[in-house]
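Here the structure comes first, spelled out in structure tokens, and everything after it is commentary.
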Amino acid sequence: DCLGWFKSCDPKNDKCCKNYTCSRRDRWCKYYL
């Protein structure tokens, strides 16, 4: 299971879905281009 858009996440343990990345500043998954 992965985390989608605007889901809170841990930058050290990035479980965001494919094409998303965990923002270190905001601590939620952002779309990654």
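Numbers run from 1 along the shown chain.
Note that Cβ sites are derived from N, Cα and C of the backbone, with glycine treated the same way.
Model, not experiment: these values are computed from the prediction.
Candidates considered were Cys17, Cys22; Swiss-Prot assigns the disulfide partner of Cys9 as Cys22. Using Cys17 (disulfide bond) as the reference Cα, a 10 A cut-off selects Cys29 from the recorded positions Cys9, Cys29, Leu33. Between the C-alpha atoms of Cys9 (disulfide bond) and Cys29 (disulfide bond), the distance comes to 7 Å. Listed recorded positions near Cys22 (disulfide bond): Cys16, Cys29 (candidates Cys2, Cys16, Cys29, Leu33; Cα-Cα distance within 10 Å).
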